[in-house]
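Chemist: One structure is given below, represented as structure tokens, and several questions about it will come after.
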Amino acid sequence: GQLPTWLQGILLRNGPGMHTIGDTKYNHWFDGLALLHSFTFKNGEVYYRSKYLRSDTYNCNVEANRIVVSEFGTMAYPDPCKNIFAKAFSYLSHTIPEFTDNCLINIMKTGDDFYATSETNFIRKINPQTLETLEKVDYSKYAAINLATSHPHYDSAGNTLNMGTSIVDKGRTKYVLFKIPPSVPEKGKKKSCLKHLEVVCSIPSRSLLHPSYYHSFGITENYIIFLEQPFRLDIVKLATAYMRGVNWASCLSFHKEEKTWFHFVDKKTKKEVSAKFYTDAMVFFHHVNAYEEDGHIIFDLIAYTDNSLYDMFYLKNLTKDFEEKNKLTSIPACKRFVVPLQHDQDAKVGSNLVTLPSTATAVKEKDGSIYCQPEILCEGIELPRINYDYNGKKYKYVFGTKVQWSPVPVKVVKFNVQTKEMLHWGEDHSWPSEPVFIPSPDAREEDDGVVLTCVVMSDPKKAPFLLVLDAKTFKELGRATVNVEMHLDLHGMFIPEKDLKTETE
């Protein structure tokens with residue numbers, strides 16, 4: 001096929017790549033050592049490269065020729081010949097374990113720099129052109145956080161916004177929203193933007209010892225949206241997991257009888273909205289988008305009724321007949337919540353406070369809290385992406401992967417949240433990854449541009465490829481076949497040529 005001439009830059013992707021080291025194997029697919037891969041678009045041609053992230057975790061494991069650094073689903077133990085008592089003692093004195101720097105989930109941009117990220121306090125700077133691993137950065141040096149999301153937001157001023165959890169800070173567990181500026185004052189040119197990290201605000205956890213797990217958060221023009229879901233981490237279990245010989249994933253549990261609480265933080269005042277909004281228990285990983293309309297906040301996310309998704313990816317379940325055998329007990333649904341921030345304080349108990357045309361409701365309860373029920377926009381999509389120019393604004397299109405009862409994506413889709421129309425691309429034996437939308441330089445409409453996705457084939461005789469779709473029609477424009485084994489990845493970003501520093505810079 002043919003690529004648009006304006007498509008110049010790098011699609012950079014991240015995901016687990018190595019699952020066996022020596023005679024040892026990780027228990028879970030999400031534990032594998034990070035493998036970065038990239039597609040560089042230059043003058044109508046595509047170049048592929050991949051490289052393992054040379055994290056401290058990677059280096060220690062490879063040197064020992066076995067897994068010696070624990071991951072979320074795999075607890076590793078030091079060499080029994082080394083002094084096990086010293087190790088055990090240091091574990092007792094650290095309530096929070098030393099986490100891995102195996103940053104395998106996403107790519108984050110701050111200023112001119114790019115980082116591989118996961119959900120611990122470590123991120124690794126990388127060179128997006130050579131995929132070389134550069135310095136290791138510890139968020140906890142700049143803010144009191146132990147975990148952070150891999151789905152930051154970027155505002156119009158170029159700031160990177162992200163959220164992290166601060167555990168056992170003098171017994172006050174809280175969720176922390178922080179901001180990293182895009183550049184540093186002239187004098188400190190060599191300094192990292194992270195030195196100027198600023199804590200915007202913090203939200204106390206409803207439970208000190210059971211903070212909520214979260215993978216992303218939402219943002220509108222004036223508000224930050226954070227959902228405290230009853231999918232919780234047990235800190236006491238986490239602190240003793242090593243001694244008990246269990247993995248950290250076993251310290252997470254879903255409490256289906258509890259509520260999911262909504263938090264809205266006003267960006268200007270940095271204060272949380274005082275009204276209490278909630279919905280039923282759910283588990284979700286990805287926010288899609290959010291915006292404000294007539295005194296309401298509208299936000300869309302992909303939610304499940306249980307936490308079975310994580311268990312599917314234990315390697316013991318990833319067998320040849322994985323697709324047939326593994327069925328999700330809960331299909332992902334794209335849910336739209338409509339939250340009446342500005343509502344009549346004297347409204348009657350039991351009345352629906354939503355005044356916009358929507359099947360979503362927000363009903364006033366006896367205690368003054370407001371119970372929100374969503375509108376279901378569609379079912380069976382995951383890994384949602386949008387035209388990021390519309391982030392925090394009213395929008396039409398979600399690009400995602402189609403997952404039915406099996407957690408493996410079989411198609412890429414474009415879904416119109418207003419008309420509910422859906423366009424598909426799919427081929428037999430193909431597993432596409434998260435689709436990334438790139439707007440054309442002269443875009444007039446939201447879907448003027450292309451969608452890129454890496455496609456891995458479940459038939460070993462067929463080569464993987466990068467697929468380029470016209471975002472408007474969802475017709476194939478071209479594909480670049482790669483004659484190496486490509487791995488299923490998680491997330492990534494497109495870096496336009498103008499955002500890449502030249503080697504001399």
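The backbone N, Cα and C atoms fix where each Cβ goes, and this holds for glycine too.
Pulled these features from TrEMBL for this protein:
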BINDING   His151, His215, His286, His491  Fe cation binding site
Chemist: Compute the mean position of the Cβ atoms of His151, His215, His286, His491, which form the recorded Fe cation site, and then list in sequence order the other residues of that chain whose Cβ is within 8 Å of it.
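Modeler: So the additional residues around the site are Ile105, Asn106, Thr149, Ser150, Ser216, Phe285, His287.
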Chemist: If you skip the near sequence neighbours and keep only those at least six away, which residues in the chain come within under 8 angstroms of His286 (Fe cation binding site), Cβ to Cβ?
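Modeler: Listed in sequence order, they are His151, His215, Ser216, Leu301, Ile302, Glu382, Leu383, Pro384.
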Chemist: Only counting partners 6 or more residues apart, tell me which same-chain residues put their Cβ under 8 Å from the Cβ of His491 (Fe cation binding site).
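Modeler: Spatial neighbours, sequence-distant, of His491 (Fe cation binding site): Arg13, Asn14, Gly15, Ile105, Asn106, Ile107, Ser150, His151, Leu383, Glu434.
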Chemist: His151, His215: which of these binding-site residues has the sparsest Cβ neighbourhood within 10 Å?
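Modeler: Lowest Cβ count within 10 Å among the binding-site residues (His151, His215) is His215.
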